[in-house]
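A.B. asks: Under the heading FAD binding site, Swiss-Prot lists 555-565, 589-591, Arg706, 776-780. The annotation N-acetylglycine is assigned in Swiss-Prot to Gly2 on the grounds of a large-scale study or a structure entry.
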Amino acid sequence: MGSSTGDLVTRIQSAHRFDHDALFRFAADNVSGFPTNPSQFKVSQFGHGQSNPTFLIEVGSGSSLKRYVLRKKPPGKLLQSAHAVDREFQVLRALGEHTQVPVPKVFCLCTDPAVIGTAFYIMEFMEGRIFIDPKLPNVAPERRNAIYRATAKALASLHSADVDAIGLEKYGRRGNYCKRQIDRWFKQYLASTSEGKPERNPKMFELVDWLRKNIPAEDSTGATSGLVHGDFRIDNLVFHPSEDRVIGIIDWELSTLGNQMCDVAYSCMHYIVNVQLDKEHVSEGFETTGLPEGMLSMPEFLLEYCSASGKPWPAANWKFYVAFSLFRAASIYTGVYSRWLMGNASAGERARNTGVQANELVESALGYIARENVLPEHPPSVQRDVSPSYESLVDGSGRFIPNRKVLELRQKLIKFMETHIYPMENEFSKLAQSDMRWTVHPQEEKLKEMAKREGLWNLFVPVDSAARARRELAATENKHNLSGKSFDQLFGEGLTNLEYGYLCEIMGRSVWAPQVFNCGAPDTGNMEVILRYGNKEQISEWLIPLLEGRIRSGFAMTEPQVASSDATNIECSIRRQGDSYVINGTKWWTSGAMDPRCRVLILMGKTDFNAPKHKQQSMILVDMRTPGISVKRPLTVFGFDDAPHGHAEISFENVVVPAKNILLGEGRGFEIAQGRLGPGRLHHCMRLIGAAERGMELMAQRALSRKTFGKFIAQHGSFVSDLAKLRVELEGTRLLVLEAADHLDKFGNKKARGILAMAKVAAPNMALKVLDTAIQVHGAAGVSSDTVLAHLWATARTLRIADGPDEVHLGTIGKLELQRASKL
């Protein structure tokens with residue numbers, strides 16, 4: 001079992017004692033929400049780790065207790081450039097504020113040594129598990145497997161961070177990383193073994209000579225460069241208290257920009273060697289001693305990482321990267337041993353063996369270099385966790401094969417649709433065409449409760465956004481009176497965009513289905529905006545009721561007087577007036593605003609008409625009941641008004657909204673829009689795949705049951721040919737959409753924008769072609785309301801305009817293609 005993060009503390013070592021009163025005064029002044037008059041203030045030291053001393057701060061009154069983590073430079077004379085806590089703070093803040101990489105939230109940095117003796121920073125305490133022993137003793141085999149897969153995915157997530165976009169472009173030099181690292185760590189080694197310090201090992205010089213002669217060519221080109229953690233091991237990960245997923249990557253002291261394959265190799269050290277501070281010697285790793293049951297082999301771990309990160313198989317240069325990692329570890333352990341001799345090693349007496357271990361690591365590196373084969377030339381063929389029921393989804397095998405969890409959810413979803421949704425479609429349509437169209441069918445609310453019980457609720461919620469919302473809400477009062485199970489249910493099943501794609505497609509087979517599972521537009525996009533960009537108060541006031549399905553929402557962006565496909569044209573004004581904003585303007589095609597349950601709009605307008613054109617727009621949460629909001633009329637789409645949620649034209653006349661409702665801050669609207677539209681567009685594409693499948697199914701059934709000119713439609717050669725071509729186009733589009741989802745998971749909105757644009761162009765055009773042919777096969781019945789085809793077609797046609805018209809997306813695709821060509 002893993003060790004609880006709170007159980008890894010011990011008494012403060014004498015060499016690391018400092019003024020607790022000074023720390024308290026600093027924290028009270030600089031940490032938001034830090035108790036100022038506590039009855040308890042306790043500082044303990046974490047015993048795990050050999051580098052920057054790390055401490056647990058516990059502060060509170062009565063039964064209320066808050067915990068924080070302090071990380072500081074060690075005292076005494078230090079090696080140049082080592083123990084840079086300011087760099088740790090910088091990278092943690094950038095990742096925490098701008099990415100979904102799981103890291104603890106940082107609160108403040110102090111560089112004044114007068115406070116507690118050395119520089120330090122304070123961050124959140126993450127309640128979870130740390131696995132100190134890579135063998136994962138007392139862990140079930142299937143959980144060992146899941147933990148190592150989660151480790152590989154966490155590393156891939158870290159490596160996907162766009163350093164240029166998050167302000168880390170100058171965090172280090174990217175090219176010639178290994179060359180510089182060899183020089184740096186060799187200098188550190190020499191400094192740690194100078195006169196009066198541990199004796200130098202001649203074999204270290206032999207190892208350095210080999211490394212310098214075998215640096216991969218990719219290192220100088222920067223082809224493998226990006227953010228590097230520098231000490232990525234399983235014991236530097238915090239796992240969820242009960243789930244096998246990473247919630248925090250810690251110990252960033254060695255982070256920089258450079259060759260990311262060095263991180264990958266270092267994370268595999270336990271396969272090569274077994275190094276433990278409480279052991280006198282380095283022993284052999286899992287490759288020699290054998291894998292614990294359920295453990296991934298090194299090739300399987302690498303395959304998991306390469307699949308998640310999109311990196312090529314590293315066989316060609318693997319020997320170098322492992323030898324380099326062993327060399328660096330030897331240099332680090334030599335430095336630890338030198339500090340132990342001086343009496344200021346963070347690990348205390350546990351560091352007494354590091355001198356011997358450093359020399360044994362050098363021997364291990366030279367032994368690894370002498371091996372003929374270290375990694376298979378090609379990645380292993382891993383038997384995926386796939387159910388035989390997948391055969392009904394697609395024949396053969398390929399890259400995008402859903403795992404067992406997704407397949408089980410998919411089967412439940414299909415059964416729910418067949419049992420409850422399809423039989424109710426006519427009833428829902430009748431109400432939507434009656435005088436009571438702007439009311440909600442009572443059966444819909446019953447179906448929602450059933451969907452919750454079945455675990456089919458809020459499946460769209462991305463695992464990273466859910467983690468952020470949980471963190472934000474953890475420190476607030478539970479004013480919604482949610483039990484643990486009810487609270488967890490709000491955040492779905494922890495799916496990636498790729499995994500959700502298989503389920504969203506099923507919902508897309510009916511225009512009525514998405515809202516039953518609380519996965520309908522515009523609510524999903526609005527909820528994701530608040531999940532990603534909302535503060536604690538906004539999450540509590542608006543997101544929780546939306547996630548519960550108690551209210552619905554609208555999105556107000558498009559305006560009748562301007563071409564709104566260019567968001568810089570938006571004219572609606574949002575003027576600051578004291579503690580409020582005053583909104584004036586007209587919006588139309590405000591989806592969801594006609595719904596009687598609609599309580600909040602996300603409105604896009606301009607807060608500064610004189611700012612740079614992409615900094616003029618802001619987004620703000622607007623309560624629908626605010627005076628000055630007037631719904632002028634419902635709008636129709638080819639005659640469909642999409643009751644009961646509808647699309648409204650709305651005027652805003654001096655609508656006063658609290659300033660606290662602004663999302664992310666003034667001038668961030670364009671940024672939010674891009675973040676919202678990426679997943680939102682993809683959800684539309686996924687649903688369109690389902691709509692096309694429904695069209696194919698109805699078309700084939702009709703062709704097999706209706707005769708023209710003496711034979712069934714299915715017997716006409718032209719129909720068979722058309723049907724085959726449509727199937728080819730549908731499958732190609734499905735793969736494109738899944739590829740876009742995969743890119744969105746791995747690389748984020750910005751890097752995936754090209755393939756997202758391709759999917760957004762391809763999906764509606766393909767669906768229209770399929771549905772148009774299905775309508776044609778049905779004849780007059782196809783354009784009537786007796787089938788779902790006309791409504792599905794109208795929705796698909798709208799999506800060639802909504803969330804960006806085809807022309808805008810084609811422009812994006814073309815520009816990226818030209819940029820690619822210009823770099824050749």
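Glycine too: its Cβ is placed from the backbone N, Cα and C atoms.
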A.B. asks: Look at the binding-site residues Gln561, Ser564, Thr590, Gln776 and tell me which residue has the greatest number of other C-beta atoms within 10 angstroms of its C-beta.
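C.D. replies: Max Cβ neighbours within 10 Å, all protein chains included: Thr590.
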A.B. asks: Per residue, counting other C-beta atoms within 10 angstroms of the C-beta, which of the binding-site residues Phe555, Thr558, Gly779 reaches the highest number?
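C.D. replies: Result for the most crowded candidate: Phe555.
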A.B. asks: Let me know the DSSP-derived helix, strand or coil state of Gln776 (FAD binding site), please.
C.D. replies: helix
A.B. asks: Let me know the DSSP-derived helix, strand or coil state of Gln561 (FAD binding site), please.
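C.D. replies: Once the DSSP labels are grouped into three classes, Gln561 (FAD binding site) ends up as coil.
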